[in-house]
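In TrEMBL this protein carries:
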{"type": "TRANSMEM", "residues": "B:27-46", "note": "transmembrane segment"}
{"type": "TRANSMEM", "residues": "B:81-101", "note": "transmembrane segment"}
{"type": "TRANSMEM", "residues": "B:108-128", "note": "transmembrane segment"}
{"type": "TRANSMEM", "residues": "B:156-174", "note": "transmembrane segment"}
{"type": "TRANSMEM", "residues": "B:207-228", "note": "transmembrane segment"}
{"type": "TRANSMEM", "residues": "B:234-267", "note": "transmembrane segment"}
{"type": "TRANSMEM", "residues": "B:288-307", "note": "transmembrane segment"}
Amino acid sequence: MTAALRVAALSRRFGGVVAVREVDADVAPQEIVAVIGPNGAGKTTLFNLITGFLPPTSGDVYYQGRRITGWSASRVAALGVIRTFQNLLLFGEATVVENVMAGCHRWTRTGLLQAALALPAARREDRQVYDAAREALALVGLEARGQDPARDLPFGQQRLLEIARALAARPAVLLLDEPTAGLSASEARGLVALMRRLRAGGVTFVVIEHNMDVVMDAADRVIVLDYGEKIAEGPPQAVQRDPRVIAAYLGEEDAAPDGTAAAAAAPAAATPPETRPS
Amino acid sequence: MTWERAGFALLAAGVAALPVFVSTAYALALLNIIGLYAIVTVGLVLLGCSGQVSLGQAAFYGLGAYGSALLSRGLGWSPWLTIPAATAAVAGVAYAVGLPALRLAGHFFVLATLGFGVIVNVLMVQLVPVTGGGNGLRDIPPLQIAGIRPATERQFYYLIWTLALGALLLARNITSHRTGRALRAILGSEVAAAALGVEVSRYKMQVFVASAAYAALAGAVYAHYIRFISPSPFALYASLFFLIMAVVGGLTNIWGGLFGAAAVTVLDQVIRAQVPRVFPRVGGEYQTAIYGVLLVVIMIFFPRGLVRGAIDLRHAQAHPLPVPGGTADAEPAEEWRA
């Protein structure tokens with residue numbers, strides 16, 4: 001089967017620093033892949049390279065077998081490869097539902113002229129978009145906040161709002177950058193359940209995630225980055241025991257090949273304390 | 001929205017009925033100028049809806065005026081033809097200017113439009129064989145309306161305000177529907193907009209060209225209305241003047257564009273009439289100073305325009321704001337309980 005997403009020998013340099021180095025990976029359709037790694041490992045840069053926000057220094061990106069290297073961000077998004085941002089990028093002045101309605105751009109068609117003349121098609125589309133936005137809000141449990149200004153939402157709900165906006169785009173591949181940061185434990189569990197449901201409906205997920213409970217729970221496969229290189233890949237349980245992964249999280253010298261206790265401790269140490277249930 | 005439609009109908013009725021109550025030549029002329037400025041300002045607000053600011057609108061206004069004047073004088077075409085022709089030509093110029101200028105971010109785009117405005121004005125002054133230089137162009141062919149040539153002040157009133165209301169309606173529609181959502185997304189965050197598939201540079205170009213066409217249309221009508229043009233009303237000062245109108249109305253508020261054009265034009269008349277009485281010896285520079293201060297004060301205290309600013313102020317008095325960030329502070333505590 002053609003990979004939903006594939007990167008081949010993908011690299012990105014910033015001056016003398018190599019942020020992403022020769023990364024090869026592919027994501028099967030309807031797979032949930034987690035990308036983990038210490039801070040500064042190049043996870044968000046990898047997202048930027050895939051989604052067209054940064055051109056790679058070398059290497060290629062493929063969507064369903066089609067080479068999309070060097071495409072603009074809006075062109076990549078138009079294909080259905082939709083991302084969210086680690087540092088939320090909401091339209092703060094707009095209401096919650098307006099934010100989500102903006103997400104419907106990809107599958108709607110009204111142009112400048114049709115809008116200028118307020119043709120019936122443009123107004124019909126408005127109703128469609130509004131309904132779709134309400135549906136997306138309901139998926140993340142924000143349907144009651146539709147008319148509130150987006151900036152009035154607490155942080156965790158703003159993150160859910162950004163996910164709802166991405167869902168409104170009807171993505172084929174959804175790249176989520178730390179979707180559970182700032183969510184309560186129950187909200188995070190709800191998000192994992194939502195991802196499973198959407199995956200059953202055909203959506204492919206790539207998720208940068210620090211919360212190891214979420215990774216263990218949600219991911220089919222984990223890709224581990226360290227200093228821009230892919231150092232491990234596989235099912236979550238296997239990756240958790242991988243000595244190279246433990247070394248990346250705890251420091252080079254502590255990698256004991258037989259240290260299963262250390263292995264169990266390592267990802268837990270990487271979990272930000274505020275997302276651990278108390 | 002229905003209240004908006006009702007407001008528009010009310011405005012149109014008011015505009016239609018106004019000449020019944022206002023009949024002095026001065027008042028009609030003032031209303032005509034307000035109408036022309038409103039067209040330019042609404043175009044500038046349309047541009048503002050995509051988060052862009054131009055200090056070159058007077059150049060587009062002037063190009064429309066010179067374009068239509070030269071076409072009708074030189075080729076003998078009817079102004080009814082040269083007005084749309086000049087408008088379309090200036091839209092083409094704006095596209096060519098936009099190609100390099102829109103690659104620039106934020107402040108640099110503003111500087112590019114400012115530079116363009118200065119260049120155009122210098123050309124108006126220096127290209128004497130074409131533009132008549134500082135002496136300007138005289139004897140611009142008049143418009144003929146309903147068999148009357150030149151058209152009367154009142155006929156111009158109806159022409160100009162039909163165009164102004166049409167421009168307002170078009171701009172309102174463009175900022176609604178899918179294009180409006182895309183523009184607001186760009187205004188909110190160009191990065192987030194692109195991530196949702198919004199072709200950011202294409203939309204910015206579209207509204208830039210539209211805003212230039214608005215200015216050119218107003219300028220072309222102006223040329224056949226006043227029938228004499230010279231470079232000075234199209235200088236940088238005029239671009240600043242248009243920008244102040246847009247800012248007074250609220251840079252992203254289409255209706256505010258109309259309000260801003262009216263308020264600043266009337267203020268300008270009052271200043272011109274009253275300041276020399278109070279300070280008999282001041283030169284022409286005081287206006288620039290007054291507008292400069294006005295612009296700064298509005299940007300600081302009413303960044304969303306005077307109308308929205310007043311509404312916000314009343315709202316704030318009626319409902320004291322919660323402490324900013326208060327909800328965010330409460331959130332971690334809730335998280336620990338979960």
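Including glycine, each Cβ sits where the backbone N, Cα and C put it.
Count of Cβ pairs under 8 Å against the transmembrane segment (B:207-228): among B:27-46, B:81-101, B:108-128, B:234-267, the largest is for B:81-101. For the transmembrane segment (B:156-174), the list of distant contacts is 4, 8, 11-12, 15-16, 19, 28, 31-32, 35-36, 38-39, 42-43, 45-46, 143, 145, 180, 183, 207, 210, 214, 217-218, 221, 225, 254-255, 257-258: same-chain residues at least six beyond its ends, Cβ to Cβ under 8 Å. Beyond the transmembrane segment (B:108-128), the same-chain residues lying 6 or more positions past its ends with a Cβ under 8 Å from any Cβ of the stretch are 52-59, 62-63, 66, 97, 100-102, 134, 231, 234-236, 239. When Cβ-Cβ distances below 8 Å are used as the criterion, the transmembrane segment (B:81-101) is approached by residues 56, 60, 63-64, 67-69, 71-72, 75, 109, 112-113, 116, 204-205, 208-213, 215-217, 219-221, 224 of the same chain, each at least six residues removed from its ends.
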